[in-house]
Structure formats: structure tokens, C-alpha cells
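Per TrEMBL, the features are:
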type	residues	note
DOMAIN	110-251	domain 'Glycosyl transferase family 1'
């Protein structure tokens, strides 16, 4: 590692105050003039998380360049005094290649959740809401839950005790592309009962809209979400509100199937691995030329 830190080259490190390697690289490049260091990450991890901002600011001050995961965060950085001094760019965090983006235009009938089964993702709320929606007349849909976590056993117990247990499927962790594509193709939309992250662009990459809890400390990827265009918000922590939105989305399933190409295009143009690589390389070139 020492050889890398002392090399007269451009290094890319995490914009993470807890990462010792990042600090060492920044100090070597700024104080000892050994190469250049680009920091890469979120300006803030999630909405409302401000406790480490000062440490991040110090890292940004020491950096030769800064690469953010979203255009919105780069713009926020450019609006600061520091942003006018440090070369910056953005390389969107992604889960798909451009070739994997596809718009499912068939009319779906089910609903899907892909993510960790942990408290701040609120999977229990989704199960309760789906059961309630079934009571209100959602008779043809199934719920697909892909993921694992600390609440996995509790989710399983609630599902088994529900009157619609046969219509709720728990798959555990599975990131196989073809497997997920098959589930998204069956679905009207995906659901984020808690805060949302990369699952929002994953859903759009299949041309499927998303229902998202409104008042959450969402990850910056929320910038891709446009209510009415690629999904809807629902009132946070309200199972009844989510149940009603599930019914509305089902009733509007033909409309949402027609919006699939636009959602897929949004991802293909802005949120693929290729887009990430393009932003990364452009920033490195600028730093090496001007940094």
C-alpha cells in the first residue's frame, strides 16, 4: 500500500471519514505532493445525515478532485465556496449495464420488493399493507419479497399467519439478473416501504414504477424519482395509505405499462455502469490536466 501512496499517480479513494486509507492518500498527495487523490462518494450518505459533514468537508479540501454519485449532489457542492475551488464531477451509482436495461411493456399484476429486511426498510409495513389491500379487493395479485436481514424471521412469521400467505413469496437474497427480471416482468410496480436507495433505478431499468414512502431519509438516488411519471409517494408508516396505493397502481396497470419505455430510457441514459465509467474517466482526465 505504501508504494501506491507514494507513487506520482492519480488515486481514487472513498469519500468516507472512517476510511484510514483515504486520509493517508489525501495527506500524501496534499502535504507530501505525491500524486493526486480523488475522493468518490456521497456528499451526504442519506437525507438528514449531517453529523460527518465537517469531516467530509476536510476531505474535500484536501482532495485534488471530487466525484459524486448524483448530479444533484455535484450541483449542491458547486454552490458552495469549496465547490468553486475543487474540480468535481459525478458518476452515478449503478446496478445494471446498458445492455441489461429493458422496458417490460406487458401489463403486470403483482408487486415486488427487493432489498434488505431491516428496520429502516420497513418490510413488515409492506406485508401488512398488502394483506389490507387484499381485504379491500386486490384479488389477483401476489407479493414477491427478495432479500434477507435481521427481520427475515419476523417477516416469515407474519406472512405465515396472514390469510393470504399463499400469495406472498419470500425468496431470500438473490441478485441473479434473470431471476429478478422474471419477477419485475410479472409486477405492476415495485415498493419501497422505507427509505429508498439503488432499488429505485433497478426498478426503472425494467420499466417498472415504484411506490415510495414519502418522508424518509432517502439515499441520493431518489433524484431519479418523479412522482406521477415513474411512480407515487404514499404517506410514511401508514399501512392503510400504502394499501390504497397498491389498489390504485393495480387499477392503473395498463397506464404504467405504457410508461415503461420512458423509465427504461431514463436509466439507460443516466444510471448504467457505462454512465458511471464515463463520469469517472472524465473527472480523472480533468484532474490530471488541471489538478
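Here the Cβ of each residue, glycine as well, is placed from N, Cα and C on the backbone.
TrEMBL: automatically predicted annotations, no manual curation.
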Within the predicted model, mean pLDDT of the domain 'Glycosyl transferase family 1' (110-251): 98
DSSP-assigned states of the domain 'Glycosyl transferase family 1' (110-251) in counts, ordered helix, strand, coil: 64 helix, 28 strand, 50 coil
